[in-house]
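Undergrad: The structure is given below, and queries will be raised subsequently.
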Amino acid sequence: MARSALLNVMVQAVFKAGKSLARDFGEVQNLQVSLKGPADYVSQADRKAERIIREELMKARPTYGFLGEEGEEIKGTDGAHRWIVDPLDGTTNFLHGIPHFAISVALERQGEIVGAVVFNPATDELYTAERGGGAFLNDRRLRVGARKALSDAVIGTGTPHLGRGNHGKYLVELRHVMGEVAGIRRMGSASLDLAYVAAGRFDGFWERDLAAWDMAAGLLLIREAGGWSTDAEGGGKPLEAGSIVCGNEHIAKALREVIQRPIPSK
């Protein structure tokens, strides 16, 4: 596959940060037996990865803005472009030695996502997409799953964790979805879960209370793999709403209808 100069910049940045995270992940696995625990070490690894990515991207395109999970937003001087970065999506998995985490980098141009990279350093799976150019896993072209019936579908999701609200609402949605689908998976890394939708591994996905860096790259991967996405309320703007429902068009629309069912009266 041929990549543009901008996509190559993104790929090289995530590869460099990925080498750092892979080394740190090996150390975290060794720290699992420590009573002190690896939490502080993981926080340092997260910040270090973002610093590497920011330096690489800003070196290549110094006029672009930068929005990352770990630091304050940098406003770009060109006013049109912005990098959107999650240096370690799946921190809890990383902390516990579970190899399901990713680096997510998206390029936004005048409000539209035009480039995407999601990379899992533990598996060397690199997901890339450019607007109008398709989505790829390493060098393999991606297509979303073809299943049309929820009863045949495996659906990914994310659960509200400690410190977040909406637990009750989520449990109602989960109960509704459980009654309609073949299976539900909660993997713990939204950007990688969205990449799984693009690859056809998940037939669909939904989650609320997400930040832009959780979704930006995954949204383009899904679109370029022939998928469809909206927010949980059906407004069509996941990044603004902070929620997402996605899959192929049949699955995503059916899934959104299910999660919109009213809360049953007691």
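For all residues, glycine too, the Cβ spot is worked out from N, Cα and C.
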Undergrad: Quick check on the annotation: Swiss-Prot has Leu88, Asp89, Gly90, Thr91, Arg185, Asp214 binding substrate, so which of Glu69, Glu72, Glu73, Glu108 does it put in that site too?
TA: Glu69
Undergrad: Measure from the Cβ of Glu69 (Mg(2+) 1 binding site) and count the other Cβ atoms within 10 Å, all protein chains considered.
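TA: Result for Glu69 (Mg(2+) 1 binding site): 19 neighbouring Cβ atoms inside 10 Å.
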Undergrad: Are there any residues in the same chain, six or more apart in sequence, whose C-beta is under 8 angstroms from the C-beta of Asp86 (Mg(2+) 1 binding site), and if so which?
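TA: Gly68, Glu69, Ala102, Ile103, Ser104, Ser191, Ala211, Trp213, Asp214 - these are the non-local Cβ neighbours of Asp86 (Mg(2+) 1 binding site), listed in sequence order.
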Undergrad: Around the recorded Mg(2+) 1 site, report the further residues of that chain (criterion: Cβ within 8 Å of the mean position of the Cβ atoms of Glu69, Asp86, Leu88; site residues excluded), sequence-ordered.
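TA: Leaving out the recorded residues gives Asp46, Ala49, Glu50, Gly68, Glu70, Val85, Pro87, Asp89, Thr91, Ile103, Ser104, Trp213.
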Undergrad: Return the maximum Cα to Cα distance in Å (whole number) over the record's substrate-binding residues: Glu69, Leu88, Asp89, Gly90, Thr91, Arg185, Asp214.
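TA: Farthest Cα pair among residues binding substrate: 25 Å.
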Undergrad: Determine the minimum-neighbour residue: among Asp89, Asp214, listed as binding-site residues, which Cβ has the fewest other Cβ atoms within 10 angstroms?
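TA: Minimum Cβ neighbour count within 10 Å, taken over the binding-site residues Asp89, Asp214, occurs at Asp214.
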Undergrad: My understanding is the cutoff is Cβ-Cβ under 8 Å with a sequence separation of 6 or more in the same chain; which residues meet that for Arg185 (substrate binding site)?
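TA: Within the chain, Arg185 (substrate binding site) has Cβ neighbours under 8 Å at Val154, Ile155, Gly156, Thr157, Phe202.
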